[in-house]
Amino acid sequence: MERNVILAKNAGFCFGVKRAVDEAIKYQKEFGKKIYTLGPLIHNNDVVNYLEDNDIFAIELSDTNSLNKGDVVLIRSHGVKESVIKDLTDKGLIVKNATCPYVTNIQLKVKKCYEQGYKIIIVGDENHPEVIGINGWCNDSAIITNGKTELENIPAKVCVVSQTTEKKETWNKVLNEIVKESKEIVAFNTICSATDVRQKSVQELSKEADLVFVIGGKNSSNTTKLYEICKKECPKSYHIENVKELDESLLEDESVKTIGITAGASTPDWIINEVISKIKEL
């Protein structure tokens, strides 16, 4: 049966993630030994396995106590608290920073505004490593909200930033709440421009598609948000990590004429292409 397969614009690796992966591989070759990343370099199991095959391993912060002086630790694209970088350096470790420049920009804005007496509000997931890291640049004092519950006791003087992968509608909702309560507001819409374009693109795609596959790690924040957006417009939207999770029975439905494909920022092209090729085979 003839089907139309549409790949969303900006699907797959974003600038920050690609940069982090390239940096990790570059440093492994440069030092010629194991490279350690604080947490998985990106939220994609297939890519993590690929990196391990190239002597690049994810560890937790507590594991750095077991490393030797001169071992190489790479800060991933999500970034870390300011204090973490100092602690690693004090241990005699070689620290390489692959924090996404967009995240670094948020960290520096937060630090500056915090020092100027602003209460920091972060719109995002309090358990996400990017948000945890940003909070560390204001002495872990930020108010963190995902927009699902109303903010209470909002200070009069606030600085508002967002997780780079947050949904635009959540940002707008929280900002509207703050405007009603605070007298002095410095707001930086720090949603990554690529994230914004990606979300708008999948929203349009899911309106015209009969079936949508969102490809990316189940632990990937931005992929999950893309899936949520797709599901609103197209009930037949499915979040899969790779071609192995492609449910072929979904393609037996003769009413499915147009299939939309999108992918999170941690999904490499080869995983996307495998899914598209499989769909076209069936």
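Cβ from N, Cα, C; glycine included.
In the record from Swiss-Prot, residues Cys14, Cys100 bind [4Fe-4S] cluster; the candidate from Cys192, Cys230, Cys234 listed for the same site is Cys192. For the recorded site, Asn222 ((2E)-4-hydroxy-3-methylbut-2-enyl diphosphate binding site), the DSSP three-state label reads helix. Ranking the binding-site residues His43, His78, His128 by how many other Cβ atoms lie within 10 angstroms of each Cβ puts His128 at the bottom. Sitting within 8 Å of the Cβ centre of His43, His78, His128, Thr164, Ser220, Ser221, Asn222, Ser266, and not among those site residues for (2E)-4-hydroxy-3-methylbut-2-enyl diphosphate, are the Cβ atoms of Ile42, Glu130, Thr165, Thr223, Gly264, Ala265.
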